[in-house]
């Protein structure tokens, strides 16, 4: 089946699509989600590098993380290229933007054709099973017969594991690479996701998700959510070595007009960092209260609101919470100490490379060992890095070596 390309006019309704140039965006006629909702004539975005071979079995599917896009070159560019892990001269490399993301595929910012308005909060719940099913439609349309490997880190790793489970014992997926991920989302991760959603909900402009027509986005809430997430992506030691107690960059005029009274001065200092205060006045008699760590957090929060949507963030975090590879696949075992997830993992036949990060406090090394210890054909590698969870996006040379060796084996 060949899907028709989405028109330029249709793309103009989504301001985030232009942030990912060179995508192919096609329209899928119909797909029924796991929640029972059927999507009609909806967009799916993807990018490719390289060519399909004559036997149509050299496709390499790369799965992006929560805030990523189909542009592998943007976030894993050091792994993409000749003689690298993702070598376009050897593979047809495909990255498909999963549903819920604002970067081209169907999401809360997509126009619901039944209303003529963005889906917003009415966007249905999407799971990893849905993403795999929809991505299979794209792969079939490209005449892919078998996948050389599915590779993903963090949330992308969950999608890679879902591929392994859905196509277990079929030969469709030849290898899987899962980095810094989990076969089920922990209570710790769910709690962080809830904290980030509450940041967005607390913004008065959120308006239960119906903010597109008002022109006032919940930027403060989304920025705070991103800052909370950053604390889970790095480690204490990485922050300490990078920032310590270094002072943040600030000019004496950052706070605008000088305070006229001591009350105003104290108030400005107290509210430094709030959405109404750009910066507190500098009084050299006071102990320092503005540090480089704060500057880093604020910068990343303000940068994020220009490239992401709050409803999309909520929708994706809900998807992340549903992650459980055992859901719907096995009943709880009779013995009180049994774990249904272990039963599922032990049944997976696809050779799998599991890469864990010692300093990762979001998807811990213990969760990676659970995968490696129970998937029969698993290889386990460890990244010794202080960078925390984000090491999967930073330790390029080590990751490239691990993946290249695994794919060539």
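Keep in mind that glycine also has a Cβ here, set from the backbone N, Cα and C atoms.
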If TrEMBL is the reference, give me the range from 242-274, 275-307, 308-340, 341-373 marked as region 'Disordered'. 242-274
Students should find that the Cα atoms of residue 389 (active site) and residue 360 (active site) sit apart, in Å rounded to an integer, by 4
For the C-alpha pair, I'd like the distance in angstrom between residue 154 (active site, nucleophile) and residue 360 (active site), rounded off. 11
Model confidence over the domain 'AB hydrolase-1' (58-395), as mean pLDDT, sits at 91
